[in-house]
C-alpha cells in the first residue's frame, strides 16, 4: 500500500519536501469519505430521535388536509382542480421548512454542545461536516416528499405530465431544498443560541412561502405585492412543478427555479464554510 493511500489529506498536503503525485485524488477520496460519514451520522440521529421523523410525517399531512378540505372550497383557481393546484405548493413549502429549520436548529445544537469542536480536533476535512449535514437533509427531505406524494394520490392528485416530467420536477424540488439547507447552515452558525436558531429558522419562512403562488394565484394580490410574488423563488419553483406535473413541460419557470437554486448555492455554501471555519477555529 502506498503512502498516499495511508495518509490523511492533512498529512499529504502538509509542508514538506515531497508530495505524492496522486495527492489531489487522495484528498478528494478522503473528503468524500468524511462527508459520507457525517451524512450517516446525521441520519442515525433521526433513528435515535423518532419525533423528527414524526414531525416530517404529521406536518405535511396536516397542511394537505387543511388546505384541500378547509380552505380549498373558498379559493378560485380558474378551471383547474384545486388539489392539482395545491400539491406543488405544499411540496415546495414543506421542503423549504424542512430544509431550513432542521439544518438551522441541529447545527446550532451541535455548536452549543461542543460536537463541532470535537470534529475540529479530528483528522478530517472540515468542509465535509457541512456537506454531510446538508446531504443528509436531502435524504430526509426525500422521505417527506414521498409521504406527501402518497397523501396527494390519496386525495386525488395525479401526475398528468408523465413519469419523466414527474421525476424531473422531484429532482428540481430536491435541489431547491438542498440549496436552502445551506442558507439554514448560515443561520445555524450565526445564531447565538439554540433558541435563537429556532426563531431564525422559522419566523421569516411563513411570509416567504405564503407570499407566492403556492396556495393562491398571484393575480389576487395587490399590485405592489404581486410584483414580488411573481419573481419569488417559491413562485417560480411552484410554477415549474405545476408545469412538470400537470402539463409535462419545462419552460422559463423551470429555468428560473434552477437559476435561483444554483445562485443560492453559490452564495451560501462558501459563506457557510467560511463561518464554520471561523466558529470552529
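Heads up, the Cβ atoms here are built off N, Cα and C, so glycines get one too.
Model, not experiment: these values are computed from the prediction.
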Transmembrane segment according to TrEMBL, located in which of 18-37, 118-137, 138-157: 138-157
From 239-257, 258-276, the residue range that TrEMBL assigns the feature transmembrane segment: 258-276
Folded-back contacts onto the transmembrane segment (52-73), same chain, C-beta under 8 angstroms, at least six residues removed: 45-46, 82-83, 86-87, 90, 93-94, 97-98, 102, 140, 143-144, 147-148, 151-152, 155, 215
Range from 85-108, 138-157, 163-184, 196-216 with most C-beta pairs under 8 A to the transmembrane segment (258-276): 163-184
